[in-house]
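As annotated by TrEMBL, transmembrane segment applies to 7-28, 64-82, 89-109, 129-146, 158-178, 184-205. Positions annotated as domain 'Phosphatidic acid phosphatase type 2/haloperoxidase' by TrEMBL: 88-199.
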Amino acid sequence: MKATLWVRLFLLGIVPFISFITLTYFVMTDETLMFDENIIEFVRQFEHPIVTNGMITLSFIGNTWPVIILSIISLAVIYKLYHNRDEVILFIVVSLGSLGLNQLLKYVFKRERPLNQLVIETGFSYPSGHSMAALSLYGIITFLFWRHIKDSIWRIMLIVFTVFMILSIGLSRVYLGVHYPSDILGGYLVSGTWLFLTIWIYQYMKDKQYTKQLRKK
């Protein structure tokens, strides 16, 4: 891998990590409350039964079982099309790692959820599990398919779909009142860190393996 690409991957991992640490400090010291309340108040202006049903659907897509089902389908498609076990392993590591990391961080920070909820959710709220799952799942799907798709139109469609799903699932959690906006942002940042860290390690191992093969020839 070219040195510039290594630097880019490193920065893509370190920038969200530093941002997450900074955000967490402000969350734990209640410095984000005004920001959170202003965003929630703005989003709630659009409250309507039709909108609420749509947001409930988007939120459901980010629930545990839909994510598991989508992950299994994605794994099957990736392996069927490309027959690459390393990519399957990477997918599993990213997905399970994101889930475990979210549970650990929620236990550490123990932030209570907002009180004014349109649907009932229990457990701690920071960082958002839905936003972490969305970014890690759709992010790794995009990375793996991007490596094989060469057509620019399909690549653009892939990016648009990924961005839409990640942002809309996060927005649905704020709209439904089960997360603060800072929960969502924190989820994106820590999940982005995890995603790029695993991709960075994956690329390093692939390059090392390729170099070994060249030396044997």
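Backbone N, Cα and C define each Cβ position, glycine as well.
Unlike curated records, TrEMBL annotations are generated automatically.
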Exercise. Near the transmembrane segment (7-28), which residues from the same chain, at least 6 beyond its ends, have a CB less than 8 A from one of its CBs?
Worked result: 109, 111, 126-127, 182, 185-186, 188-190, 192-193, 196-197, 199-200, 203
For this session: Tally the residues of the domain 'Phosphatidic acid phosphatase type 2/haloperoxidase' (88-199) by DSSP class, grouping H, G and I as helix, E and B as strand, and everything else as coil.
Result: 83 helix, 0 strand, 29 coil
